């Protein structure tokens, strides 16, 4: 079975639950007292998708303003980006559009974009309507899903949909789909002055 390594970065404001989504996906656990990410953290998980193994190389970036300038370093070369907002905080959805703009300017041209409205278990204090977020995601051709890292809602489904949307690669190429052939150039006849 072929193994593909897929770099995925999580972007979004601080406190939206990026780290909790990663922990739920990788470790199937939830820590309500998880500390904010400083800079970025890295985790991996391999899952089977159709006839391939997809090894997700997950970069969880810090959402604090002081670390925002580092984000392009993490999403360069990414196969996918998950931009997370908190459904209970309208301002996190508003700034999500800035994350998308920055990603479109500095990220790979064919990056798969997913928008995750996290904390969908808190519907009683919802500020962002699901329809508004879905319409925005559709307008930029992004995956859209509402998630709850706390209750394990749509976390695995999010990564399955990313696997589905990432273009397949030629089986003869190394993982990541990037490859080239070396060809020997005919050598010029040797000349001598003597």
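Glycine is no exception: its Cβ is also placed from the backbone N, Cα and C atoms.
Per Swiss-Prot, GTP binding site is recorded for 12-20, 60-64, 118-121, 148-150. Reduced to three states, the DSSP call for residue 12 (GTP binding site) is coil.
Residues annotated as motif 'Effector region' in Swiss-Prot: 34-42.
Per Swiss-Prot, the feature region 'Disordered' maps to 174-194.
Swiss-Prot lists 185-194 with the feature compositional bias 'Basic and acidic residues'.
If you look up Swiss-Prot, you'll see 193 (among others) marked as S-geranylgeranyl cysteine.
Among the features that Swiss-Prot reports, S-geranylgeranyl cysteine is placed at 194 (among others), with the record citing similarity to another entry.
Spatially close to residue 119 (GTP binding site) yet at least six residues away along the chain are 16, 17, 86, 87, 88, 148, 149, 150, judged by Cβ distances under 8 angstroms.
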